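Features reported for this protein in Swiss-Prot:
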- 1-83: region 'Domain I, interacts with DnaA modulators' (REGION)
- 83-126: region 'Domain II' (REGION)
- 127-343: region 'Domain III, AAA+ region' (REGION)
- GLY171, GLY173, LYS174, THR175: ATP binding site (BINDING)
- 344-463: region 'Domain IV, binds dsDNA' (REGION)
Amino acid sequence: MSLSLWQQCLARLQDELPATEFSMWIRPLQAELSDNTLALYAPNRFVLDWVRDKYINNINGLLNDFCGSDAPVLRFEVGSKPIVPVAVSSAASSGASVPPAAVRASSLARPSWERVTAQPELSYRSNVNPKHTFDNFVEGKSNQLARAAARQVADNPGGAYNPLFLYGGTGLGKTHLLHAVGNGIMARKPNAKVVYMHSERFVQDMVKALQNNAIEEFKRYYRSVDALLIDDIQFFANKERSQEEFFHTFNALLEGNQQIILTSDRYPKEINGVEDRLKSRFGWGLTVAIEPPELETRVAILMKKADENDIRLPGEVAFFIAKRLRSNVRELEGALNRVIANANFTGRAITIDFVREALRDLLALQEKLVTIDNIQKTVAEYYKIKVADLLSKRRSRSVARPRQMAMALAKELTNHSLPEIGDAFGGRDHTTVLHACRKIEQLREESHDIKEDFSNLIRTLSS
């Protein structure tokens, strides 16, 4: 046996696992085969535990397939072996391209803050909000991968996930995670030069530097940070001079093993007005979506927010609010703040009837905006078919998949029962609706396109 055994396993895992999972959990592993033992090295304990819990059966199964009774014993360790990691093909992930070999190799260098520099020290404005941490970020299925990736970056900046690109709609927690990473890095290394900013601040700083003939100082400032966290990168669109400068800053940071984290409201390749060479680099590390929170996560967010305010929020009230406000975390928190303020002003107990009254206009607006009829029209327009097709008996994939998507959205965004949804789709049985919902949930895990379609439609219907 040789190390090619692990390369064979990688190839199979690449085919079997969703691209994001492969990039996040499998690609960072290093392998060493000796004495009939295959040692897999994980960059930290978090990755080790996750891989061992989630993928050990997959890996052992492949070892048995390739080697039969001679399959090596699998061992996991934290750390890295003193050789170049096993290379995987650029096809490893459709959403996270493999950076050039020189950049990958640089990820094994010492952290930038451990290197001695001859340059005089600069004054850094961190702008990281200490209130946003991993501890008060409510994790759910919609943001689990994003939080896990951010946690790993905080523990190992400049490592496997560089750059980390988080994308999703407004108010879903992207900014919270940026600050959480910054706080995590500075907790580990208090002297780390971590800079958080909105992309427009980068543009403003560059303009001021040009006006003051201080562009070299601008370059040195941004290229000497240990971690650069930029929010809403889509605002670079059509700003050619800013893109040019950020392109060179990006390259300098990556070559220096300094961490970059970017956020956007859309997938990198869908950002209009940004140069292709930049969009390509955005995908060199790991790209992860944050989706609108599912019902259970929305309830958990409300309960945690109430607890932080020393407010007792009955579970049925949290469920009532979460079932009706679905678009994003910011909307949920705003609604809860209004409920709490009304309760404080009036001295009344927080009940469902009280919430109905306090959020009367907001709930009425939601019910008006999201109806099954509206969902059907939006989905039909999105997939360029007719509403009549969604209600028909046609079973071709070009019609069946949009119909399943519309049913899943109706269950997610309205308060209608499964039988009511079935009736609205040509008199279908409730079991058909249930199957459609489960199918879309499965496809969202397996297909980047379906995940994007679902997120785009949620965003359209909730706006």
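In case you wondered, yes, glycine gets a Cβ from its N, Cα and C as well.
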Around the Cβ of LYS174 (ATP binding site), the count of other Cβ atoms that are within 10 Å: 23
Within the region 'Domain I, interacts with DnaA modulators' (1-83), residues counted as helix, strand or coil by DSSP: 46 helix, 17 strand, 20 coil
Cβ neighbour count (within 10 Å, all chains shown) around THR175 (ATP binding site): 20
DSSP-derived class (H/G/I helix, E/B strand, else coil) of GLY173 (ATP binding site): coil
Other CB atoms within 10 A, centred on GLY171 (ATP binding site): 18
Secondary structure content of the region 'Domain IV, binds dsDNA' (344-463), with strand meaning DSSP E or B: 93 helix, 0 strand, 27 coil
Neighbour count (Cβ, 10 Å) for GLY173 (ATP binding site): 28
Arithmetic mean of per-residue pLDDT over the region 'Domain II' (83-126): 44
